[in-house]
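> The structure's right below; bear with me while I get my questions together.
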Amino acid sequence: MLSERPITPSTLSRKDLPWQIKWDINTCTKCGRCTSVCPVNAIELGVFRKRDVKPPMGLSAKPTTEFSTFYGIRQRTDPAYACIGCAMCNMVCPNNAIEPTRQYDSTTLQFQNNRGGQPRTRGGRRNNSESLLDQLKFIRISMLTDPALDAGRHEFEMRTLLGRVLSPEAELQCFRDNGWKPPVREIYPLVIGGMSFGALSPNMWEGLQMGVAYLNEELNMPVRMCTGEGGCPPRLLRSRFLKYVILQIASGYFGWDEIIHAIPDMKEDPCAIEIKYGQGAKPGDGGLLMWYKVNKLIAAIRGVPKGVSLPSPPTHQTKYSIEEAVAKMIQSMSMAWGFRVPVYPKISASSTSLAVLNNLVRNPYAAGLAIDGEDGGTGAAYNVSMNHMGHPIASNLRDCYKALCVAGAQNEIPLIAGGGIGKHGNLAANAGALIMLGASMVQIGKYVMQAGAGCLGSEKDRCNVCNIGVCPKGITSQDPRVYRRLDPEKVAERVVDFYLSFDTELRKVFAPLGRSTSLPVGMSDALGISDKDAADRLDIKYVI
Amino acid sequence: MCRLFALTSRDPVSPMRAIDALNVMKEGHDGSGVGLFLSGLGGPWEELKEYPILSGIFTEDGLVQVFDYMAKKGFQSKFSVTFKPDIEPPVGTPKRGTYASIAYKVPDDWKGLTKEQADRNLVQTRLNLRAMGEEGGDIMVFSFWPDTIMIKEVGDPLAIAEYLKLDREELYARHILAQGRQNTNYAINLYACHPFFIEGISTMTNGENTAFVPIREYLMSRGVTGYQGYQSDSEVFTHIAHFATRKLGLDISSYKHVITPMNDEEMADHPDREFLVSLKRSCRKLIIDGPNCVIGCLPDGSMFMAQDRKKLRPGVVGGNPELGIYGFSSEICGLNAAIPDRDRTKDFQPMHLDTAIVGPDCREVLQCSQKDPLRLRH
Ligand code: SF4
Ligand code: SF4
């Protein structure tokens, strides 16, 4: 490298990069696998020239200079090719000669990754490791007057209701009059949240569907999976597995055509319809399905030309107001399936969640409300949206639940909470806490990717290249060369594994609290937190 | 843990019989309190069946306030039984004043009211008095209902019974619920002491109701006069019984379908499956969870016992149809003490699907299983 190389505003040294490649010349076999697998071309094969000065003994002979060349790995310092720490290079290296290491004191890249006047977009997560859900403790352990239950031996009822549940009075009236009753589904309280067919690779999708089908058909766990916006593969729409699927239809109507065409051929009704108005990770903004991922199949399903970026609109332009949108879309979706399918909106948690809920209470067709908190996952979005927008789920959910209590309609409109559940692996504890704060069920996305398919992303901005179609694990890529890395059968196996262990863990939480015959929705007396303000805000016990 | 004992008899009997049964079961309770519900009253009350009786504990001041208040509202007192102990109370029992049961004639302007409105007014009157008492601590009201007396006090049941001379003839009753022990989970508060009462329905429970908070929130949001207070986690059982029978018009044998619905397999071949599924869904908020035994008495004098699904608390019903007396006990020794003269082979321990009901005629124990076809709804 020339000593007088030009220094521009975005010239970085290796030291400036958050991820550093450690490469060991002694163990490297020079196979070149690492460079070929690197999703962002952060490393390249390099030819290094080395000058060795050899001073001989004595004074008479002159020192000699020897030049040698050797081959090795060079980490690029161009911000566009910065290493993302995915460690794929290490995964393919036969000798562990190469690995990325995190350098925590380097923040320089953050100032450089908006090149060409384009703000950074990324897939992945919020990159904030705080988690209020992890701070919640279950404090109401039954010990004396009520011996704790045995999680392994007692009967446990772990199902929840999705759909508008009538009040006891209305239900009896309806039974007497043989009137129309809103459809209600009994499902498992942990739902795989909306991840679209465009965002996920076909292998990932297939794996999830297989896992869900297995859980339902072999293990009798009524697990449901949401499709995410942008339609659903036509074959699934016409298959009997549709009953395990919650079809998401976004306010932008992507993929709706495909669904509507399939309605006459549907053998089963879908489990429910989720109308997406917002996502937790990018509230008020649409998702970005970037051109890299819009291949022929995705283009066909969504009804767009191939290879164009698809920023989905936050809400459809024809919508005049959220009230109108919610009312009309719920009505028309319900009609499409003859009022046999629960239809509910999904919104991002925000200061206006209560207003939406208010609309729903008075809408007899509204089957629930999904609220997605700030930590909610996403295919892709702008950095700024992901890091700074949104409302934490716990307090938002609590407000909504309490509003329902005041209206006397708690659990009549099931609340579905999402956003940051199992962020640090504590899936059952987080889900249990949200149920006790008032959620009838919870939905997860990132956890499924991480546990089900080994997604490498972390809260420390690791990987997070889901948007550009190079997902090193093949989870979020539409490129067959990449996604064939992922074995759908294994994904299915992992999904089943973590569902079963979730189930056991949830029992281990509920049993000592003395609950087993119904989900402890709203059992807020079981929760405590060592943060006074949080305790006051959530109306739970303050414990230190 | 609380000990429960209930008696239902064709002829009025002394509440001491129930108290003695509690005393036999003393091993399980710490003697920290006693609560009594008496209905189907004998003695002087036989003639006064239609007049609501206000029962509670009052200081001198409190009594004056109550008389003023009731007079102002147009109630006329017809008869009263007051008792002011003149001896020192037993250890742990505070000196409170007068234990009174006063029968009133309802105001004339209630004439045009429907039964439902009149009932609600009675509840409201009780709540108003209770609220008045909560300010100054001079008034404590446990019930205001025809043919019903309630007594609650802190202390050992037997000592209290002697102190309050519960053997008095004015307290003879056909239906008696007695519970031993004060609240242990929450603060000591007479209102937290079982049995609980609303509009002729009274229940008592042992064990801990872990679903208390969500159920309380749900009941409070129903907008029913009287669903309030909740000093004890067991108070909700009474209100659920009230909600199921009075508000939903269900038969008491359906009470168990509300608090502990069957699971899918059990329900699969039930003739009323469709109804039960919808009941389970809409009443999901009222499902109890906890090892509880519930014993209750209804306005018509029938008495019932039901267990939670896990049935960790025993409970037994037995009696003598010839003598016309039946006992509901949380322990078999209590039953043996109170009704030794019975065919023990006919004792019934309701299991996780059963409700045991003894009608006002005290002839037999009706055993309803949740698997049976539903009885006609009201
Ligand atoms: S860690 Fe990933 S991004 Fe970094 S060099 Fe290795 S393969 Fe490339
Ligand atoms: S492994 Fe794939 S899905 Fe996970 S963060 Fe990386 S690119 Fe995204």
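Using the three backbone atoms N, Cα and C, a Cβ is placed for every residue, glycine included.
Checked TrEMBL, it gives:
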- A:19-48: domain '4Fe-4S ferredoxin-type' (DOMAIN)
- A:73-103: domain '4Fe-4S ferredoxin-type' (DOMAIN)
- A:C83, A:C86, A:C89: [4Fe-4S] cluster 2 binding site (BINDING)
- A:C93: [4Fe-4S] cluster 1 binding site (BINDING)
> Should anything in the same chain at least six residues away from the domain '4Fe-4S ferredoxin-type' (A:73-103) have a Cβ under 8 Å from its Cβ atoms, list it; otherwise answer none.
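Here the qualifying positions are 10-24, 26-29, 31, 33-35, 37-46, 48, 109, 112-113, 115, 456, 460, 462-465, 472.
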> Far apart in sequence but close in space: which same-chain residues, 6 or more away, have a Cβ under 8 Å from A:C86 ([4Fe-4S] cluster 2 binding site)?
A:P39, A:P100, A:L456, A:R462, A:C463, A:V465, A:P472
> Taking the binding-site residues A:C83, A:C86, A:C89, A:C93, which residues show a Cβ-atom distance to ligand 1 below 6 Å?
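Correct list: A:C83, A:C86, A:C89.
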> Hey, for the [4Fe-4S] cluster 2 site built from A:C83, A:C86, A:C89, who else sits with CB inside 8 A of the CB center?
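Output for this site, in sequence order: A:W19, A:I21, A:C38, A:P39, A:V40, A:A42, A:I43, A:I84, A:G85, A:A87, A:M88, A:N90, A:P100, A:P472.
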> Suppose you look only at the domain '4Fe-4S ferredoxin-type' (A:73-103); what would the mean pLDDT be?
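Result for the domain '4Fe-4S ferredoxin-type' (A:73-103): average pLDDT 94.
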> Using all protein chains shown, find which of the binding-site residues A:C89, A:C93 scores highest when you count other CB atoms within 10 A of its CB.
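Ranked by Cβ atoms within 10 Å, first place goes to A:C89.
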> With DSSP helix as H/G/I and strand as E/B, how many residues of the domain '4Fe-4S ferredoxin-type' (A:73-103) fall in helix, strand and coil?
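Looking at the domain '4Fe-4S ferredoxin-type' (A:73-103) with DSSP, the answer is 8 helix, 8 strand, 15 coil.
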> Around A:C83 ([4Fe-4S] cluster 2 binding site), how many other CB atoms lie within 10 A of its CB?
24
> Could you tell me how many residues in the domain '4Fe-4S ferredoxin-type' (A:19-48) are helical, how many are strand and how many are coil under DSSP?
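Taking each residue of the domain '4Fe-4S ferredoxin-type' (A:19-48) in turn, the totals are 5 helix, 11 strand, 14 coil.
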